[in-house]
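As given in Swiss-Prot:
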DISULFID  94-172  disulfide bond
CARBOHYD  3  N-linked glycosylation site
CARBOHYD  83  N-linked glycosylation site
CARBOHYD  182  N-linked glycosylation site
TOPO_DOM  1-25  topological domain 'Extracellular'
TOPO_DOM  47-57  topological domain 'Cytoplasmic'
TOPO_DOM  79-96  topological domain 'Extracellular'
TOPO_DOM  118-137  topological domain 'Cytoplasmic'
TOPO_DOM  159-188  topological domain 'Extracellular'
TOPO_DOM  210-286  topological domain 'Cytoplasmic'
TOPO_DOM  308-313  topological domain 'Extracellular'
TOPO_DOM  335-370  topological domain 'Cytoplasmic'
TRANSMEM  26-46  transmembrane segment
TRANSMEM  58-78  transmembrane segment
TRANSMEM  97-117  transmembrane segment
TRANSMEM  138-158  transmembrane segment
TRANSMEM  189-209  transmembrane segment
TRANSMEM  287-307  transmembrane segment
TRANSMEM  314-334  transmembrane segment
């Protein structure tokens, strides 16, 4: 079959056996780790009902996208390297594989942006987040992201920003030409804009958390109390909160007349809001690490693409381009490690699932906290 690389590229020499071996070994490792890791995380998210919540629906969608890219697109890259950096499947197959690869890339970028917005809502507007971000809302967001990704990846199939086999990359993807005769620059600019917007949302979230942690000088105002209810201008509200939670004794405070006291609330219930806030921060940290790694691993490849579009002189060095392409491949298998090492809840559910599969769990002995 003909090679579909553009005529402006120089004819590459055949790869040395050592280079081909390193490429095949590393790519095979990436395929195995990505498929197995994302599949295990997906099974865990589906099986454990405690993880059927808004952030983990999005994580399941990211895992499915990475499995799609690793199981379908990467084997064709593997075969092209094995065949000496040549494409032997025809033009239509090349366009389909390139479409799936670009679809997965834009889907991950769009989804990470939507996740950053939901993370900000979870911490800054938690009540709105818990009421509005239901299963159907998450499903609508996921459908919207896939629709936008298809809209971005499909036009090159119709030769708008042509898909072709790039021999230097061993894959079918965008054919990047000079910016004066280029159709792919708009797609790259949009991808860079999405990544920048995602970072700005997380930056706003960091500023929000930092502002709430600032120490302010305390101004003491005397509170009014005849029966230890402490109401009035100087009251901090803690006595009223204790009374509502079922810890108050004596008559109803004057400011809480007509409000029923909750007598069934336990002492642990008082710390639920703080625990949820810490959990949301841990989940936000996990997704930010994913976003940062996506930007880090795709950054060199984006630099190489912009280099080919705007640079007039030398071409992109072969070693840099190969490393950039393989780093973008590695991004598909990095998320499972981030999930396990940065999320305590996922790690606990994962270990619990493995213990449940191996042996029956022993009942815990009763203990008393002194």
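Cβ atoms here come from the backbone N, Cα and C positions, even for glycine.
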Number of other Cβ atoms within 10 Å of the Cβ of residue 172 (disulfide bond) across all protein chains:
28
Take the C-alpha atoms of residue 94 (disulfide bond) and residue 83 (N-linked glycosylation site) and report the distance between them in angstrom, rounded.
15
Just counting, how many other CB atoms are there within 10 A of the CB of residue 83 (N-linked glycosylation site)?
12
So if I draw a 10 Å sphere around the Cβ of residue 94 (disulfide bond), how many other Cβ atoms end up inside it?
20
How about the transmembrane segment (287-307) and the transmembrane segment (314-334): do they have 3 or more C-beta pairs under 8 A, pairs 6 or more apart in sequence?
yes
Does the transmembrane segment (26-46) come close to the transmembrane segment (138-158), meaning at least 3 CB pairs under 8 Å for residues 6 or more apart?
no
So which of 26-46, 97-117, 314-334 is most in touch with the transmembrane segment (58-78), counting Cβ pairs under 8 Å?
26-46
Kindly state the mean pLDDT of the topological domain 'Cytoplasmic' (335-370) in the predicted structure.
70
Using a Cβ cut-off under 8 Å, which residues of the same chain at least 6 positions beyond either end of the topological domain 'Cytoplasmic' (47-57) come close to it?
115, 118-119, 122, 129, 133-135, 137-139, 142, 283, 287, 345-346, 349, 352-353
Between residue 172 (disulfide bond) and residue 83 (N-linked glycosylation site), what C-alpha distance do you get in Å?
15
Other than its close neighbours in sequence, what residues sit by the topological domain 'Cytoplasmic' (118-137), given a CB gap under 8 Å and a spacing of at least six beyond its ends?
52, 54-55, 57-58, 201-202, 204-205, 208-209, 276-277, 280-281, 283-284, 287-288
